[in-house]
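Below is one structure, written out as structure tokens; the observations come after it.
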Amino acid sequence: MKVEVIFLASCVLFSLIHAHLSHEEPMKEPEYCRWTNAFNGTCSDRGNPQTMCFFDFLDAHTARVMPKNCACNDLPGNKRYCECSFVCNS
């Protein structure tokens with residue numbers, strides 16, 4: 001008798017969980033924006049060029065906006081050009 005009650009309760013529980021999960025909306029794909037800026041110094045002044053642009057981005061934005069795919073290009077006159085992508089619809 002106990003086994004039947006436990007089995008029945010388990011079936012009800014699993015059906016409720018399934019019903020709840022089937023009503024959730026799928027997650028929307030994030031939209032990425034591009035950020036560019038020029039800075040003093042070269043891309044290799046303080047190590048890895050991608051890391052330099054990553055930190056340049058964080059200095060210009062709040063910590064919750066995380067950049068990705070950062071790239072650095074040297075410009076004439078001891079300058080560097082940074083470009084990063086970030087999620088802009090958060």
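Glycine residues also receive a Cβ, built from the backbone N, Cα and C atoms like all the rest.
Under the heading disulfide bond, Swiss-Prot lists Cys33-Cys88, Cys43-Cys72, Cys53-Cys82, Cys70-Cys84, citing similarity to another entry as support. The annotation signal peptide is assigned in Swiss-Prot to 1-19.
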Check: Since the record lists Cys33, Cys43, Cys72, Cys82 as disulfide-bonded residues, which of them has the fewest other Cβ atoms within 10 Å of its Cβ?
Finding: Cys33
Next item on the list: Among the disulfide-bonded residues Cys33, Cys43, Cys53, Cys72, report those whose Cα falls within 10 Å of that of Cys84 (disulfide bond); none is a fine answer.
Entry: Cys33, Cys53, Cys72
Item checked: Lowest local Cβ density (other Cβ within 10 Å) among disulfide-bonded residues: Cys53, Cys70, Cys84, Cys88 -> Cys88
Check: Cα of Cys43 (disulfide bond) to Cα of Cys53 (disulfide bond): how many Å, rounded?
Finding: 8
Item checked: Cα-proximity to Cys82 (disulfide bond), 10 Å cut-off, over disulfide-bonded residues Cys33, Cys70, Cys72, Cys88 -> Cys70, Cys72
Checklist line | Conformational class of Cys88 (disulfide bond) under the three-state DSSP mapping | finding: coil
Checklist line | Residue among disulfide-bonded residues Cys53, Cys70, Cys72 with Cα closest to the Cα of Cys88 (disulfide bond) | finding: Cys70
Item checked: Whole-number Å value for how far Cys33 (disulfide bond) lies from Cys72 (disulfide bond) (Cα to Cα) -> 17
